[in-house]
Amino acid sequence: MLIIELLKAIFFGIIEGITEWLPVSSTGHLILVQEFIRLNQDKAFIEMFNIVIQLGAIIAVMLIYFERLNPFQPGKTAREVQLTWQLWLKVVIACIPSILIAVPLDNWFEAHFYFMVPIAIALIVYGIAFIWIEKRNAQQEPAVTELARMSYKTAFFIGCFQVLSIVPGTSRSGATILGAIILGTSRTVAADFTFFLAIPTMFGYSGLKAVKFFLDGHHLDFAQVLILLVASLTAFVVSLLAIRFLTDYVKKHDFTIFGKYRIVLGSLLLIYSFFKFVF
């Protein structure tokens, strides 16, 4: 029944809206949830769905940060306009590694890593990394506390960290936040740049998935279009709340709790995978 599929779409949209911005892997969570709750659709649509519903989350970022990201915003001074263009240039530079590495390798990683065990391992590894980095930085002051002071070189290397998210379970936001902190930015700068970098990255990735879906000879029926729209709209609404939460959270807390969550979840998934294999 279509109503059941739409309820599932709402549920997946909630998962996407929350996990896209928290450093816990949205794609990984969608794959995991679909181990137990699946859309009654073909595999090609589900693979495309898992990526394209990110558009709702991206539109939420664009809405929240529209004035800050818009160089033509009325009332901006010449200096503010210059800083906005510089920010966009940093974002473009940070996209280069993904264009050169992640895009060509995407199909290979999708074929070999979109399974429970690789996701669980990635969750645990990056969970440990978050805890270790936060402990290492506990007594250190970040070198970059304003986005305007972040160099183009730092932006490029943050983009290199983003490439790591090609492995499901890594988390795009987790990889870029972790990379930015390692490179000396404050948590606030790391989170902000992660939000901004998501706009071209996820628009491009979603677009590529959609184009590939149609070039492979697939098409969307009315029910599938409705499922995508409902899931994306849900992801948009939930993302508005998740982004506000994370921006407020990082002002007072570190990312250790997310590291612990990743380790616990990854460990449970390894146990589940073991028993599923044995029995």
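We count from 1, first residue shown onward.
Glycine too: its Cβ is placed from the backbone N, Cα and C atoms.
Quick look at what Swiss-Prot annotates:
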type: TRANSMEM; residues: 2-22; note: transmembrane segment
type: TRANSMEM; residues: 44-64; note: transmembrane segment
type: TRANSMEM; residues: 85-105; note: transmembrane segment
type: TRANSMEM; residues: 113-133; note: transmembrane segment
type: TRANSMEM; residues: 163-183; note: transmembrane segment
type: TRANSMEM; residues: 188-208; note: transmembrane segment
type: TRANSMEM; residues: 223-243; note: transmembrane segment
type: TRANSMEM; residues: 255-275; note: transmembrane segment
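In this chain, the transmembrane segment (85-105) lies close to the transmembrane segment (163-183): three or more C-beta pairs between them fall below 8 angstroms, excluding pairs fewer than 6 positions apart. Listed as Cβ neighbours of the transmembrane segment (223-243) (distance under 8 Å, sequence separation of 6 or more from its ends, same chain) are residues 2, 5-6, 9-10, 12-14, 16-18, 20-22, 39, 41, 45, 49, 52-57, 59-61, 63-64, 195. Long-range contacts of the transmembrane segment (44-64) within the same chain, counting only residues at least 6 positions beyond its ends with a Cβ under 8 Å from a Cβ of the stretch, are 12-13, 16-17, 20-21, 26-27, 30-31, 34, 38, 110, 195-196, 198-199, 202-203, 205-206, 209-210, 212-213, 216, 218, 220, 224, 227-228, 231-237, 239-240, 243-244. The stretch with the most CB contacts under 8 Å to the transmembrane segment (113-133), chosen from 2-22, 163-183, 188-208, 255-275, is 255-275. Residues 28-30, 33-34, 37-41, 49, 53-54, 56-57, 60, 171, 173, 195, 198, 223, 226-228, 230-239, 241-243, 246, 258 of the same chain lie 6 or more positions beyond the ends of the transmembrane segment (2-22) yet place their CB under 8 Å from a CB of it.
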